[in-house]
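Features of the protein shown, as given by Swiss-Prot:
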BINDING   Cys91, Cys130, Cys136, Gln156  [4Fe-4S] cluster 2 binding site
BINDING   Val129, 194-198, 218-226, Arg235, Leu261, 480-489  FAD binding site
ACT_SITE  Cys671  active site, proton acceptor
MOD_RES   Ser905  phosphoserine
BINDING   Cys986, Cys989, Cys992, Cys996  [4Fe-4S] cluster 4 binding site
Amino acid sequence: MAPVLSKDSADIESILALNPRTQTHATLCSTSAKKLDKKHWKRNPDKNCFNCEKLENNFDDIKHTTLGERGALREAMRCLKCADAPCQKSCPTNLDIKSFITSIANKNYYGAAKMIFSDNPLGLTCGMVCPTSDLCVGGCNLYATEEGPINIGGLQQFATEVFKAMSIPQIRNPSLPPPEKMSEAYSAKIALFGAGPASISCASFLARLGYSDITIFEKQEYVGGLSTSEIPQFRLPYDVVNFEIELMKDLGVKIICGKSLSVNEMTLSTLKEKGYKAAFIGIGLPEPNKDAIFQGLTQDQGFYTSKDFLPLVAKGSKAGMCACHSPLPSIRGVVIVLGAGDTAFDCATSALRCGARRVFIVFRKGFVNIRAVPEEMELAKEEKCEFLPFLSPRKVIVKGGRIVAMQFVRTEQDETGKWNEDEDQMVHLKADVVISAFGSVLSDPKVKEALSPIKFNRWGLPEVDPETMQTSEAWVFAGGDVVGLANTTVESVNDGKQASWYIHKYVQSQYGASVSAKPELPLFYTPIDLVDISVEMAGLKFINPFGLASATPATSTSMIRRAFEAGWGFALTKTFSLDKDIVTNVSPRIIRGTTSGPMYGPGQSSFLNIELISEKTAAYWCQSVTELKADFPDNIVIASIMCSYNKNDWTELAKKSEDSGADALELNLSCPHGMGERGMGLACGQDPELVRNICRWVRQAVQIPFFAKLTPNVTDIVSIARAAKEGGANGVTATNTVSGLMGLKSDGTPWPAVGIAKRTTYGGVSGTAIRPIALRAVTSIARALPGFPILATGGIDSAESGLQFLHSGASVLQVCSAIQNQDFTVIEDYCTGLKALLYLKSIEELQDWDGQSPATVSHQKGKPVPRIAELMDKKLPSFGPYLEQRKKIIAENKIRLKEQNVAFSPLKRNCFIPKRPIPTIKDVIGKALQYLGTFGELSNVEQVVAMIDEEMCINCGKCYMTCNDSGYQAIQFDPETHLPTITDTCTGCTLCLSVCPIVDCIKMVSRTTPYEPKRGVPLSVNPVC
């Protein structure tokens, strides 16, 4: 009996065992069985598990905010990029959060990092440790929605980490004269004490201003202040601190370690004697605030202050911090941590990594009074630290030279709000180690004497003007913890930033110079910012290739003026006509597309419009063009015009436009709605003969360049472009919008619906949804008409997409929908993004990057994961019992590494230097054309197959399902581990990669065996090829 071809074979049926099927009845399963199922598939911690995870020597990243590229892009796309953004108002350093998230969404990670470091020289540190829930995130407008606020800290960390991986140095402000040509004031000696966040920030901004003799004196043999010594490695790795210090040193700032501010060493008086013109005090609060009950207790007995304990942990866990490798403190048994601030929680989670079996965090007040940010408290809770509120320490019990317990009394708050201690309620808590985290003070008399003659306030801290950070001595400034205004790293950074401007103002005044009334601190610059992105086309010089399309962003010339002020290189006017052809628009007329599904807000992948050309007169446009050219002579203004098929009309309007001073004309032969009914726009642009004649008429009428704007709504766009060239056009715009009907409501009425009758017409679809059509049009024209200028438009929403069009053969890029999604300031992102893309092409060490995207390392939730298969020769998913096995294997490996006691290698920063010429815009135009051809030119011998990275796989089975129901049934799906496996029947179709939610979890690799298609029935004849 012949096999039934339309039924799956037995081996395929086996593969399909877990493939979804339409439900035909309710499912029955006992509660006890479901509990077992739940346990097997559980990814989050079991609420019934009370054991601490073994964390000894595990200093891997534990932050919930950390993001990989996939997570960063999704989160950045979700951001609303609000007007007058509240998040920015809540940031102590006033980061332009809206703009840097815009850059991340556009895959311009350099642009995002530049924006961050411009306002915060410690942008990566703050991205990792900022209490964002109390700052920027607390003001996020998405708090008013179901999905909640944006993970701003994670996005900031991601962008700056990518920039760190680029290994590109900071440079002086390119607009400054060389150091030797700066005025004498910029050679003034400036000293800073303490190499912590406040001083690093202050020194960075002073160096950016142009000061060349800046020295930081640091008491310790390491730099970074509390960022190095007291914030644990699992929250802030030392290589991050070192990276930001190296950026500062790129500008010539010097650091001298082993030099302290003390009456026995360096004082303000001796500093002045040595010719220093200004000083900044950023020494933090160096001494612990120690309760009297701890007097006489030592570390050997089991007592530490946070000022003792955290630096010891840092030295034992932070590679590169010190020249030597110190062991971690040996903590065993039960640990009591006293305090309720961020430092107390850092002590608690660090104690677990030093071997503590159990940690109690004890504090005087209640949970609602905890000063630590929720992020820190949540991490300690997840790691099974215990919280004991309403307890005040009374006595430490020592036996046999070791701490064995502590006594506490209960605290209560009375009706007046005062806290009282009840001596009748005693609590006895056994412990092996006690860590006091009651804050820090400035109490060393030698340090205070060294600061003489500055005044101190009632808290024993330097008295400063909170606006200028100036002390009672005009030449001395202070900031950070030592002043008492800053409570966080980012606030210390801002203290240094604030002080830098007023130090600048003070120093200049000493040399008889003045500064601007409004503070103007320089931005962050690197060699990327020096890349030239100007381009010449049709004899016109464009300062950059980005311009406004003839569309809604050019509704008025005042809008074009604002666009030029923002940085756009050129603009087309909204298409205008002779007065006899003037139009009046309908409303509603511009709507969001349906191509993004139920996604509302910015980032729409398409819009549909039934808007006609400009309602303004030709006289308005011509006068305005004259004004724009007078005020912006370096910007290109192109007048977009439209007439019916009438030589006299085209001649008249073209001459008027030329006389206005326009650099060039665009002939709109492509408006897909409304104008065609009037014999204009599309009515002219679909016929090569009409296009050829119109171009001839205009060529005869004007001397300036002109470009025909083509419609994609034709069978062969090349024939239209060729006709335009034959008619004398200097180039073409490709393409206008695609004619479409965006959607119908459930009652059959359209949207947009005009008037009571709810009528509509086919409109023009724009946005990224039409990019594939536009790319095809541009490449087709560029291949057929080599060297013929093309102004690309159609889905350009970033530097990355703009580069695609340049590679396709376009010379300049018109933008509309992206501005509708955002605003004119996206131009800054586009320019920095394009500069970065060009610059990175010259760095040999980054050739495995895709644009600004680094090569993907195996990760889960954005954090690198160890390859379990390499540790135990077995593949394990990350859920249920397998997750517990993974944790156990990782814990054992961490202990093994600790026992090996391998010395830390010193950190070395090697900046990448271009080894190839940095390409210009001209160099990249048409680069992709060599790869395009006919299907017959493609090799059917060089086949690929899919390869899955099991460590990155999240076991969703999307690859399995699409392969089953849309492909070749070539993926097996394990019923217990949900690990997919590619079989040898894979045809390399790439559907699995296309639907996989994890970037680079699936890769296509070369097939190692010959590919033999399954024909179903043997061929009756031999194939021709």
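Easy rule for this one: first residue shown is 1, then count along the chain.
Cβ atoms here come from the backbone N, Cα and C positions, even for glycine.
Structural mapping of features recorded in Swiss-Prot.
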| residue | record | contacts (Cβ under 8 Å, 6+ apart) |
| --- | --- | --- |
| Cys91 | [4Fe-4S] cluster 2 binding site | Ile97, Leu135, Cys136, Val490 |
| Cys130 | [4Fe-4S] cluster 2 binding site | Cys136, Gly153, Gln156, Thr488, Thr489, Val490 |
| Pro197 | FAD binding site | Leu122, Thr125, Gly225, Leu226, Ser227, Gly282, Gly480, Thr489, Ser492, Val493, Gly496 |
| Gly224 | FAD binding site | Ala195, Gly196, Ile200, Tyr238, Val241, Asn242, Ile245, Met321 |
| Leu261 | FAD binding site | Phe193, Gly194, Phe217, Lys219, Thr267, Ile281, Ile283, Val447, Ala450, Leu451 |
| Val483 | FAD binding site | Leu461, Pro462, Val464, Met469, Asp495 |
| Cys671 | active site, proton acceptor | Thr575, Leu612, Ile613, Met642, Met680, Gly681, Leu682, Asn736, Gly764 |
| Cys989 | [4Fe-4S] cluster 4 binding site | Gly967, Tyr968 |
| Cys996 | [4Fe-4S] cluster 4 binding site | Lys958, Cys959, Ile1002 |
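Of the listed binding-site residues Gln156, Gln220, Asn487, the Cβ environment within 10 Å is emptiest of other Cβ atoms at Asn487. Same-chain neighbours of the [4Fe-4S] cluster 2 site beyond Cys91, Cys130, Cys136, Gln156, judged by a C-beta within 8 angstroms of the site's C-beta center, are, in sequence order, Cys87, Thr93, Leu95, Ile97, Cys126, Gly127, Thr132, Leu135, Val137, Ile152, Gly153, Val490. The DSSP secondary structure for Cys136 ([4Fe-4S] cluster 2 binding site) is coil. Summary: among the binding-site residues (Val129, Cys136, Cys986, Cys992), the fewest other C-beta atoms within 10 A of the C-beta are counted at Cys986. Same-chain residues with CB within 8 A of the center of the Cys986, Cys989, Cys992, Cys996 CB atoms, the [4Fe-4S] cluster 4 site residues themselves not counted, are Ala946, Cys959, Thr962, Cys963, Gly967, Ala970, Ile971, Ile982, Gly988, Thr990, Leu991, Leu993, Ser994, Ile1002, Met1004.
Taking Cα separation as the measure, Cys992 ([4Fe-4S] cluster 4 binding site) is nearest to Val129 of the recorded positions Val129, Gln220, Asn487, Ser905. Note: the residue listed as 'phosphoserine' has non-local neighbours Ala319, Gly320, i.e. same-chain residues 6+ apart with C-beta under 8 A of its own C-beta. In this structure the C-alpha atoms belonging to Asn487 (FAD binding site) and Cys986 ([4Fe-4S] cluster 4 binding site) are separated by 58 Å. The two recorded residues, Val129 (FAD binding site) and Cys986 ([4Fe-4S] cluster 4 binding site), have Cα atoms 46 Å apart.
Cys986 ([4Fe-4S] cluster 4 binding site) sits 60 Å from Gln220 (FAD binding site), taking the Cα positions as reference.
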